[in-house]
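Quick look at what TrEMBL annotates:
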| type | residues | note |
| --- | --- | --- |
| ACT_SITE | Ser713 | active site |
| ACT_SITE | Lys756 | active site |
| BINDING | Gly390, Pro391, Pro392, Gly393, Val394, Gly395, Lys396, Thr397 | ATP binding site |
| DOMAIN | 44-239 | domain 'Lon N-terminal' |
| DOMAIN | 626-807 | domain 'Lon proteolytic' |
Amino acid sequence: MANTKFTNLDNLSLQDFEGDAELIPLMTPEDEDEINREELPQTLPILPLRNTVLFPGVVIPITAGRDMSIDLINESNKGSKIIGVVSQKDEKIENPGADDINTTGVVARILRVLKMPDGNVTVIIQGKKRFNVAEVITEKPYLVATVREVPETRPEPDSAEFKAIIDSIKDKALQIIKQSPNIPSEAGFAIKNIESDSFLINFVSSNMNLTVEEKQNLLEINDLQERALQTLRHMNTEMQKLELKNDIQSRVHNDMSQQQREYFLHQQMKTIQEELGGVSQEDELEEMRQRAKKKKWDEKVGKHFDKELSKMQRMNPQVAEYSIQRNYLDLFLDLPWNKFSKDKFDLKRAKRILDRDHYGLDDVKKRIIEYLAVLKLRNDMKSPILCLYGPPGVGKTSLGKSVAEALGREYVRMSLGGLRDEAEIRGHRKTYIGAMPGRILQNLKKAGTSNPVFVLDEIDKLSNSNQGDPSSALLEVLDPEQNADFHDNFLELGFDLSKVMFIATANNLGNIQPALRDRMEIINVTGYTIEEKVEIGKRHLLPKQLKEHGVKPEQLKIAKPQLEKIVEGYTRESGVRGLEKQIAKMVRYAAKNIAMEEEYKVKVDTETVIDVLGSPKLERNKYENNEVAGVVTGLAWTQVGGDILFIESILSKGKGNLTVTGNLGKVMKESATLAMEYIKSNADALELNPGVFENYNVHIHVPEGATPKDGPSAGITMLTSLVSLFTQRKVKKNIAMTGEITLRGKVLPVGGIKEKILAAKRAHIKEIIMCAENERDIKEINEEYLKGLTFHYVNDMSEVLELALTKEQVKNAKIL
Ligand SMILES: Nc1ncnc2c1ncn2[C@@H]1O[C@H](COP(=O)(O)OP(=O)(O)OP(=O)(O)O)[C@@H](O)[C@H]1O
């Protein structure tokens, strides 16, 4: 017989056969054929089995305790290892004789013998084929008998009926395995893999829960199909018994588990409640009732609350809606209905606070104080909403905070940057999963009063999307006519926002929805000059950073020249946020040395600044010389506020192409084309050789290439640059300009003048050219900022060129 499937048996240890462990090696049809071809010996030692029946092909462990059996096994194991195995008629008989054993048995091969510590022997045997005992020759020391093969009738190989029976046996076996918790699931795997039909029948018969007699009867059936049928019958009975058993058990179990579940849940609830301070549903409701008594809400709100509370009372605390309802009622209890802080309208004090927190910004502070004065006199909030607008980091947000302190009101801030869903402002309906009130109400809850100073940061960054229009929701918030009854979807009732003081901040007025802009009183917070930045650094930013880093003022001193170095060399902005970061770096330098007890310069000198911050990055920000034709300084409005920008242009041999580079937007590119066309059509007046346009390519570039730039205000700068290029005339020193051009050479006014003036000052510019109409902007600027600057107001390009270009040509001028 092919032994391949059983080789691993040799490696099995004793533990593998302990308990009821089943062995389920599988016999293939080839193994079976081989067994059938083997000759049956004439005589066999007979091993009587008390309580089991061996079937052909099946492997079973047997424990032998009787002397006759131990002797038989030991002898046979030394010899052929082939024995005859027959079950006893009565298991109680200790020393069975010829009459006490069944006549049909199975030839078996000893696979392994294991001697147990108690003297017993466990033997693993595998059944081979059936035999009949012809005659018992001797009974001592163990039974030996002559044997006869038992013929087996097999069905036709393609018998559909037999196949159906076999399939049914497999199915039933799998069902039984599934329903029986004691049978390992590997048995199912074995059954699926059995290829030999007779082995399947034997394997199932051997493992079924049958009496020895029933099993013996099965073994004695010579007709294989009949044996299969009988096996299936037994299996059906077994299955029914199992189903019944499982049914009874599951009924008992269900009753138990329902009870257990409830007990368990109650225990859990109790524990959670204990952890939460022992609040039961009733306690919870009572607590809410008590809190509600203290609320100063209107009758309508009170009634609504009572109604909703009794709804909660009727709810099962274990359902999800209960907690939604509790959150809903909590919001009612948390909102500051009719709760106001008392305003401190001491305007002198207010001014003191604004001055304490912010250096400069005189105009802005004046406007704020005026605004507060009106509030004081009218004593209602129906004055327009303030909108502080200006470049980043100039103190818009922190001004809002100071206003709150000055008025003695609570302060909340909500950033609108990137907000695109209307529900963020107005909330979701209560029925929506994960519903919440909108951020306006959430912030009021946080503020704890109904009249806080509410800063709406970055109102220009609201975006529109398909999730509704947040700006129209904001309109309702800000409209004094409507906001006394602001509707939040979650709250379902109106809430009065009319006493809230809203202050919006924005970087760019152009991006604010016009209807929103109309509702607000715009206050321009401009950027700072170098001197102001140095003062802010000294008075505010350095002390603030020292405090934040736990460094004492006497442990780090940065004098004005060093602060100026930091401003000029390391920051390029209208505001002071970058400066604050650089100062923080300086403070960290001190902090590190203090902590490591290392020596450092307490009085920072310029070398230390360079050591700590690296070499200055922005020296180029200053005005450059005028030795090259085609390089002109413009004044622009960029992401950091007002800034200077250089426009460079060069000529190269070619066919009159115009190239524009430097990450320029459409409008700026158009300005370049306009400038070029203007020069072409005014070539005579500019005394240019007309052939020059066909023989040269022009390239205009605006550094820095990585920063996107756009807008019409570079028009006059581009034109000046090109005229300088074509005429090779020097550009006047320390001059900068800003203005839009038309095709006819008219100069138009542009925006952001205040910022641009400050940027020019920071870059040490002395003269500025701009449109005559922009003169009114200059008049609004504090005299202080205009010191040292000369302004030229123009209407036409010819005036610009007259002012900006000298008569002198640059060194090594090209002859065109
Ligand atoms: N005039 C000033 N005096 C003192 N500190 C100032 C002044 N201006 C700005 N700061 C400080 O600069 C930092 C940045 O200011 P803030 O955040 O208010 O800028 P912002 O204008 O709101 O900027 P953004 O537009 O980016 O929101 C804050 O620490 C603020 O206190």
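The backbone N, Cα and C atoms fix where each Cβ goes, and this holds for glycine too.
Annotations in TrEMBL come from automatic prediction, not curation.
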Among Lys396, Lys756, the most crowded of the recorded positions [Cβ within 10 Å]: Lys756
Residue with minimal Cβ packing [other Cβ atoms within 10 Å] among the binding-site residues Gly390, Pro391, Pro392, Gly393, Gly395: Pro392
Listed recorded positions (Thr397, Ser713), ranked by Cβ neighbours within 10 Å, top entry: Ser713
C-beta crowding around Val394 (ATP binding site), within 10 angstroms: 30
Those recorded positions in Pro391, Ser713, Lys756 whose CB falls under 6 A of ligand 1, listed in sequence order: none
For Val394 (ATP binding site), the three-state class that DSSP assigns: coil
Reported mean pLDDT - the domain 'Lon N-terminal' (44-239): 88
Nearest of the binding-site residues (Gly390, Gly393, Lys396) to Ser713 (active site), judged by Cα-Cα distance: Gly390
Between Lys756 (active site) and Gly395 (ATP binding site): CA-CA distance (Å): 18
Length of the line joining the Cα atoms of Lys756 (active site) and Gly393 (ATP binding site), in Å: 16
